[in-house]
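Asks: First the structure, then my questions, so here it is.
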Amino acid sequence: MAAKISIKATSSFLLVLCLTVILFFSLPCFSADPDPLQDFCVADLNSTIRVNGYPCKPVSQVTSNDFFFSGLMNEPSTDNPFGVGRIDGNVETFPGLNTQGLTVNRIDIARGGIIPLHTHPRASECNLIIKGKVIFGFITTTDVLYSKVMKPGELSIIPRGLVHFAANVGPQKAVVIAILNSQFPGFSTLPNNLFGSNPTIPNEILAKNFRVDEKVIAIIKSKFRNVTR
């Protein structure tokens, strides 16, 4: 009898805990983007007005096609130094996402390829492995690394704004679906930021940060002179 009461109490506690977590994360104050004030706001990509996003297309011009997107079916090229290709499902390719606080990207990583160290300043990121074997990792503000080698069907979460990376550690191409809770999450790649900025960061500053000679910085910068973002 005592065991049954204990099980019932535990189940009730878990139910309350789950509902509390759902309520906590569904509150507007915890969203990366502002809450929408209407059913939808299909982006008017032709408008020259930009006020924290795109203005709405007139409802009379909205069609069913605005709410459906087949771009992620395409296979992006991985023919680049990092061996990674990305197809963006964001407001600029999928106007129906405007004001919905959501971006869904497809990422293909060639064998041995990497997603370089980067951050998303305006979003958390959830990654679903579709194919292959990928190591995902992020670094906290206290310099702790959390990482795991993931296989198809597994999910990872990257907290908003933290530096993270991924690498294909399997024998074949990997495919990942990345879901971010902002229509404009931002993508700040650390190597490009540090060594390929325009105008460039002074070599002296970088040398002191990395505790190396300025000649080393000059060599590294030479690799980023024609970086395509």
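Note: Cβ is positioned from N, Cα and C throughout, glycine not excepted.
Keep in mind that what you see is a predicted model, and the values were worked out from it rather than measured.
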Asks: Going by TrEMBL, which one of Cys18, Cys56 is joined to Cys41 by a disulfide bond?
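Replies: In TrEMBL, Cys41 forms its recorded disulfide with Cys56.
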Asks: Just the number: how many Å between the Cα atoms of His118 (Mn(2+) binding site) and Cys56 (disulfide bond)?
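Replies: A Cα-Cα distance of 31 Å.
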Asks: Far apart in sequence but close in space: which same-chain residues, 6 or more away, have a Cβ under 8 Å from Cys41 (disulfide bond)?
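Replies: Counting only residues 6 or more apart in sequence, the Cβ neighbours of Cys41 (disulfide bond) under 8 Å are Pro55, Cys56, Asn98, Thr99.
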Asks: How many neighbouring Cβ atoms, not counting its own, are there within 10 Å of the Cβ of His164 (Mn(2+) binding site)?
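Replies: The answer is 22.
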Asks: Helix, strand, coil: count each for the residues of the domain 'Cupin type-1' (82-218), based on DSSP.
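Replies: Secondary-structure composition of the domain 'Cupin type-1' (82-218): 22 helix, 57 strand, 58 coil.
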